[in-house]
DNA sequence: CTAGGGTTAG
């Protein structure tokens, strides 16, 4: 009674037109419906498979409520939420209703728009219109989502037109947001932008959709501009920006923004962490690795409990040079999925630990987790990095037959790399020619790379010509070909390639290496760059190191210099390679006996590789270098790659 | 009903 009077007084003070209906006595059927409805909601809440929903449906039928759109809509929504395939059961449930209302139609359309067949949702919309049922705003969000799923811009535009012609739906916030997402996913950012600009009201979701769109096409300035203008930033918006920087190879900006995010008191969840962890992985610095690991643990999102964070951490530790730490994370995870296994296998492969990669693969196939295309990339590169040709051939043959994974162009690239690196250049070339799918840049690039190792200028030329067509702006290809010509002493051809590059306005990416000081500060060195405050010290130390190495038989490898200059000049140029500067600086600033970790943006040159080997021996230092391809662990004068790279 | 995510290659 008390509760009622409270309810009463509250309603009285609110809008009159609404509360008049409240006191109309419910019909018996209405009361029964209300009772059922509240019972249903609680029962449905606890449903976790579709047989329970079938029981609820059977109950409704017994009560003679099988035609009630309202209740059936709830059932359909729950079925959709439980990922029950639309056919046969949910569809059957709908088909039994003679006069479905807008909401029931929409629930059905939405089911198809989420689980497919997507086109069916469009067909259902047509039927709905034919029956004269008026759509509601979320009928359109579902339809637009279906168009997004199949990337069908034509249909999407038609639906967009419908939202306007039927009347006013284009100004609905949800419809607008969904439209932005559709145009963006279909690659028409300008259309998404126009929807955004014309929306009568926007929320943080509209802004975030557009911010993500800009980050995905690499325009971080535009994204940042929008982000600054966004009045209220929530966790998702912050995360979109952090991840955007990370995905656009701007790890420092990502970390800086993450700090700002935390300063603003915004929560961090697993998605945010994944973006930050990936930024740390790019930096390759141990200090950041432990830093973010601690943050994850403190947030209760450590690898033991969170498989997504765990997989990202595995990748990060591998890329920071600590496969062992990565493996510790892997072993400590309570749940592992294909991402965790693949990340770990790829990690082993990067470090040349082929046996470990193969061992983990065989453990994986004993579990429920099925290997996917990335897993096979991992095991194939593992074989490739140590020259296990036979093993790789077998894997390649079984991936389709045993595991049902169709070899993609990427897998062919791995095979070409494996064969070519091991010296089977002709066989690799034949494999490319026999491919059932069109070879992409990766395939020809692998062949070109193998030609560089084995000095085959003919196949190199063929590969390069394909590459120039496929990747006209791929600067690396021109450099590689020119280097191959240079090693063969074909200076005329070298200048031809150089001319071609000039004509296209392409410039070589500067080589860049960085090394981490004890305090976690990262020092960056560019090739030939002598602007570092300690440059003269570095130069002296490098000269001394090279002098000592020469006493042990080191000879500068002049063929690593691809310019036609005097030998003295070549020697001088070799000394300016960024990885050598980073190495010497690392030795200057870290204590004796500690490991030096260097990251390089391009492939390390042979001469630097030799110097690293020698330095690890005479300076008694463990040196770990990550170049753009893989890791080299130098210890006691030898490298983990066995000079096979 | 609408927005952010993990493993990939020369």
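A Cβ is built for glycine as well, from the same backbone N, Cα and C atoms used for every other residue.
Listed in TrEMBL for this protein:
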- A:101-135: repeat 'PPR' (REPEAT)
- A:172-206: repeat 'PPR' (REPEAT)
- A:234-268: repeat 'PPR' (REPEAT)
- A:306-336: repeat 'PPR' (REPEAT)
- A:337-371: repeat 'PPR' (REPEAT)
- A:553-645: domain 'DYW' (DOMAIN)
(Q) Should anything in the same chain at least six residues away from the repeat 'PPR' (A:234-268) have a Cβ under 8 Å from its Cβ atoms, list it; otherwise answer none. (A) 204-205, 207-208, 211-212, 214-216, 218, 220, 223-224, 227, 274-276, 278-280, 282-283, 288, 295, 299, 301
Q | Average model confidence [pLDDT] within the repeat 'PPR' (A:234-268) | A | 95
Q: Pull the DSSP breakdown for the repeat 'PPR' (A:101-135) and write it out as helix, strand, coil residue counts.
A: 27 helix, 0 strand, 8 coil
